[in-house]
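One structure is given here, and the rest of the page talks about it.
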């Protein structure tokens, strides 16, 4: 597809570009960047004056629930939600039914995405067979099938020797390992952050140590193996400190956090609000500040949503039995732009966190507007105001703690391979 994007503020950290430029896409790839570009007659054009033009945003941690759990979400609805949030690519976690631990399931997702998805969908395979944490999955086959990473997300690989072998094997074949880091014995029957609020509500708590201990293990295993590891959804002061120190001594560790961890505290659980129930749980104000600081100083490499759709019947129940997780694809950019408005990040940092660096971690040929690159583009209006309403969310599920919130800033065009797949 051909497209001319005219006069926007192009921000592309992969090239060190922050300037008002035109972007010309031809046959789905970036043909030229410059001022006053001319396009062949009949080429569609977008006037991006006053708007921000970035490489397509990438969410490296989503749950599309397909196969097997399509009553919550499916590839079509999840991709519509992604497009509405400004994401041109998503990487989907393997805790489906059946799990993504075979070439057949990975191929199913890739083929279904080709016919139904508005955006690029990259599957993540399991670290272990069946996601059971007992023996390694066929990582080589998963990579050959198109998986961009492996993870047992939803639960940790508890066996340290098995995780060591996973890191070493993944290093050998060049695939990213994403760790869901928590000590299940410490988590116990906890359902929210352990602290004043959990005590007041009479709910069993999950201590910050459950995350910190598990993150420390992954760091030491990666250091020992000389292998990279990516830590999913960090949420604590300690996790950020451990990773910051590890990076300083050369450990190949990267990590992500989610918008809810730098926006909400465990106070959001008051009223037994199940849309504020997730894993890891919402933490304290000090933890929120640590996430903002980690994003600002480069300790945290990526912002990922952990988009986790659930049917109302799984959320409209007692807090103790409600399932963990929230939808996040359509609110992520607005919540992240708030950090720019607050002066905690600049736009170049934000684009790196939401596009360039996720692409690098997953080994994707995305996250850049270099000539010859795939023509995936997100066009953002930083001043556009909107309200989060369940009826207007594209996701099949509506389990968001941000319903009713007034937001500022959102994607107004999402472009995949030169084709506009979403327009606000």
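Cβ coordinates are placed from backbone N, Cα and C, and glycine is handled just like the others.
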Residue from 230, 310 that Swiss-Prot also lists as binding substrate with 63, 64, 65, 95, 279: 310
61, 63, 153 bind Zn(2+) 1 per Swiss-Prot; candidate in 301, 306, 313 listed for that same site: 306
Binding-site residues (153, 306), the one with most neighbouring Cβ atoms at 10 Å: 306
Number of other Cβ atoms within 10 Å of the Cβ of residue 310 (substrate binding site) across all protein chains: 27
Pairwise Cα distance for residue 65 (substrate binding site)/residue 180 (Zn(2+) 2 binding site) [Å, integer]: 18
Farthest-apart CA atoms of 63, 64, 65, 95, 279, 310, residues recorded for substrate, distance in Å: 17
Binding-site residues near residue 95 (substrate binding site), in sequence order, restricted to 61, 63, 153, 180, 233, 306 and a 10 Å Cα cut-off: 63, 153
